[in-house]
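A.B. asks: Pasting a structure below so you can have a look.
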């Protein structure tokens, strides 16, 4: 099993200053620039000296998620038994599998056995909760879960089902075994991405930015108007343009496996109730939601905070932002998201072990 | 030009008791059962003696919309010049075209020149507003616009864009000329319908009804689990099952043309502002919105009511329902939707002409 990763900052003497940053669906480990890779990362403004994840204090690690296609084993990897890509012979994966692999990797690679904090948004926020639930307070000191949930709800499952359908019904998908062929399901991937973008970003910002403005005929981006059903509005051109590169950049089978793992996420599974499953999380937890998020609506973050508190966790902080960017607010709102994350991670700063002791768990 | 229609009740002596019921995208004129067709219609509980549209008092007419495939001329009709289906040679259509055809039909077929009321929801609610805007108070006495808007907003355009993309990227669509071939774009149609259902129905009801319940393996509906990405959850099975028959029942090109007309709908187009465009609507207007509607959010209905009032219309009623069925509430909530509609249509009941005089427009 291979794990792709990047890191920022230095490990301290007793290896207790690690922050595990968990990624969302289709993301990679390049969360911020570094000497090795100077391109801006997806959380560039949140990671660095003095920033939300302060690299003067913490050793920040971000891995590719299990099932992904950016360095960690996934369906596009070569199956050593056959010498061919796994494709859809790759086994089903869960969010628990993802975090177990990350924790094993940190212990084997860096002798890190206890995290200062697990941090993530969306699928990353599912993972940060799962780290605490699966490994307990001995192994993780704090949790930050942004725009995530403790249990997938039917509308989010429905949206991901429709997205997967776009991919698996593209004739070029070939039941996943497209790798060694001339074909690639870029058409289905693009539609799936368009649906994704609608669920990540639609809302007040679009209303402000695009209204129902039509395309300047001379300057429109992307597809020609040929069919008469193509882009006439700025919002259509934006979606078309924005999804174009993604359609060939990310592995379609990775989307399928990871999206299914998100559907299956349920911290109550195997317990008497969701509340009971969440009682495994005994460490200080920051839960952050955004009112304009339609994929992970705020009622889901409220639920996490409420059930944790009812279960006896006395160190739960709940923030609800009225930002206009929907689910993707965590990528954009440095001031509010970054401020809350930094405050939670650095509050009464001590090592994870001391934190555990101090919290009286 | 052919117009398919159905009617309920009787025309009065001076032909002033007509209610034009306008349909939504993909709907047909069979709104209620009758002796000619005893199958229940899509607004069965709202039409009949004593009901919301009271057939003891009114002559209710529902036509297929222009561009549809249930009797009114549309892309599946035969082009008399070529002897072949129009397909994508059918000209682009607008909501204004739809209402103009209906008003011409009513005058030619029934010598009805003035409506008691125009009523509709969704695309039908766009049409009912357009009837009043295009024809003025001499031709329509009252308006009921449910879960509609005066101007399409970017998220609704985005969703319809993604739906159209599902159809036009299905290789069996063949640029619309599939009619005389062995192929039919049922795969793309089904995905488009699944996306439609998500936008029409997701919300509190789904959370209550489906939760994240998984399918009983022995009893699951529809697709086999073969691929590993197929239905595992009740919500997936529901979507798959519910969209199956639609995929072959409705004309794909009709969806494309009518959905595009919805995107283009903008009562401010050609006027200095939306407010100015709406000032054409001078008759009593009921605007009804549903808080759980994500396709036509309540801010859009509020906007209609507010702009009408600001423009000097003193007979605007605005209702906001907290029903749990989303956009499709108009099909289901007989008590609240039906009650509000009946109240508005029958308030100070008089002929459309008298109503016009009385309103002092």
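Positions of Cβ are set from backbone N, Cα and C atoms, glycine also.
According to TrEMBL, the protein carries these features:
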- A:39-331: domain 'AB hydrolase-1' (DOMAIN)
- A:122: active site, nucleophile (ACT_SITE)
- A:293: active site (ACT_SITE)
- A:327: active site (ACT_SITE)
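For each feature listed, report its degree of burial, its nearest neighbours and the pertinent distances within the displayed model.
C.D. replies: A C-beta separation below 8 Å, combined with a sequence spacing of at least six in one chain, links residue A:122 (active site, nucleophile) to A:24, A:25, A:146, A:147, A:148, A:295, A:296, A:327, A:330.
In the three-state DSSP reading, residue A:293 (active site) counts as coil.
Residue A:327 (active site) counts 25 other C-beta atoms within 10 Å of its own C-beta, drawing on all protein chains shown.
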A.B. asks: Grab the pLDDT values for the domain 'AB hydrolase-1' (A:39-331) and give me their mean, rounded.
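C.D. replies: Mean per-residue confidence for the domain 'AB hydrolase-1' (A:39-331): 94 out of 100.
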A.B. asks: Which three-state DSSP class does residue A:122 (active site, nucleophile) fall into?
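C.D. replies: The residue in question, residue A:122 (active site, nucleophile), is coil (DSSP, three-state).
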A.B. asks: Please list residues from the chain of residue A:293 (active site) whose Cβ is under 8 angstroms from its Cβ, counting only those at least six apart in sequence.
C.D. replies: A:147, A:326, A:327, A:329
